[in-house]
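**Q** A single structure is presented below for examination.
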Amino acid sequence: MTQTLSINGQRLIDRLDRFAQIGATAKGGVNRQALTGLDRQARQLLTELALQRGFKVFQDPIANLFIRREGRNPDLSPLLIGSHLDSQPAGGRFDGALGTLAAFEVLETLEDCGVETERPVEVVSFTNEEGCRFAPGCMGSMAFAAGSIPSAWETMRATDGALFADELSATLESLPVAAMRPLGTPVFAYLEVHIEQGPSLEKEGLPIGIVTGIQGTRWLEVIIDGQTAHAGTTALQYRHDPMQATVNALSELYRDIMPADPAARFTIGRMALEPGAVNAIPATVRFTIDFRHPSLTTIGVMEQTIRMAIQQAAADTGCSATISQIFDMPPASFPDELLAVLDQAAQERDFATKRMLSGAFHDALFMNRVAPSAMIFVPCRDGLSHNEAEYVEQEHSIAGGNMLLASLLQLLAPTAAL
């Protein structure tokens, strides 16, 4: 049965289409940001589908949603599978939703075929993976792994001004049928299907990627202060121009960091000038830097290089620079024993695969702190994600679901080494 059991592919495709209507955009994407009314609609629909199948539904204080199919021994910790249902403001139909709905399809397939598992299997939809309405991202899995919700989150405001505590409360209250459970209940292992969000699988013609880990990410906020003055009357040699310092520093960093190591990532995501007048030299330039690498040591070297370049450029232009670290996520490696299970599942299904590192962080990053975790990637067209044009071929969505099913059956087999 392990070799022949397959998901209902058409049901998964239909389900993806149905959920894509919740928050559908004119350009074919999805705007279903975390803890909004649309996010609640998606949660309610998934809950209704679960109850129709006789599954149990739970939520925890951060509004992570759990759907449970019992095993022969309900006292055993569950195998957790899933992802998230929230999206970017101009997001795609598959980011997060594929992983959550493929997991639910696996649960339905087990039920359809009468497969008994020794331990329970649970589908999870984590709260606010994207982090676009409330920052940081991965709030649900972060709180789950920590076993608590940071007090600072309660007073946090969304990009639209809404209070986090209010939106969280409204979301919890929208699912009165879901029993409450504490944060961080024990988990046997965690598996997540996700679109690659990059082009390599498509370019190599591979249906499945086995993710070995997630590269580290660090964010800096930079403030360069100079002196505002008239743009027409202040000669270049008399200026204390923070924009000139910014350009000089970033030119050096793009030249030195980007080509030096193909595994390095360096991005300026936000920039603001004050006072922001067309005819005035700015007094202040603020910008953020996102830099990433698989090696924690290299991330440290990158930060030192960045800080030195910015401070030198500021000094050269008579300005001052303040650099603050605002986010730090160390690299994570998924356990070899779990990766071996995925390798074996792929061989049984005759899926061509490659092992690969994730450039983006996911809920599996935090779950790996409390339980063995791994991810399965599927290709997305042109590598596009966080984009309304995001698309996954039907055959690849179905392959991801079948790979998850095969991995689950391998992992729950009596001979599994995990």
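Please read every residue number as a count from 1 along the shown chain.
Heads up, the Cβ atoms here are built off N, Cα and C, so glycines get one too.
Sequence annotations record features per position, and here TrEMBL assigns Zn(2+) 1 binding site to His84, Asp95, His194. Feature annotation from TrEMBL assigns Zn(2+) 2 binding site to Asp95, Glu130, His386.
Have a look at these and tell me how they're positioned relative to everything else.
**A** In the three-state DSSP scheme, Asp95 (Zn(2+) 1 binding site) falls into the coil class.
Summarising the environment of Asp95 (Zn(2+) 1 binding site), the number of other Cβ atoms within 10 Å of its Cβ, over all protein chains shown, is 27.
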**Q** Going by a 10 angstroms cut-off between Cβ atoms, which of the binding-site residues His84, His194, His386 has the sparsest surroundings?
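**A** So among His84, His194, His386, the binding-site residues given, the one with the fewest Cβ atoms within 10 Å is His386.
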**Q** Restricting to the same chain and to sequence separations of six or more, state which residues have a Cβ under 8 Å from that of Glu130 (Zn(2+) 2 binding site).
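**A** Expected: Gln33, Ala34, His84, Asp86, Ser87, Gln88, Gly91, Asp95, Gly96, Gly137.
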**Q** Whole-number Å only: compute the distance from the Cα of His386 (Zn(2+) 2 binding site) to the Cα of His194 (Zn(2+) 1 binding site).
**A** 13
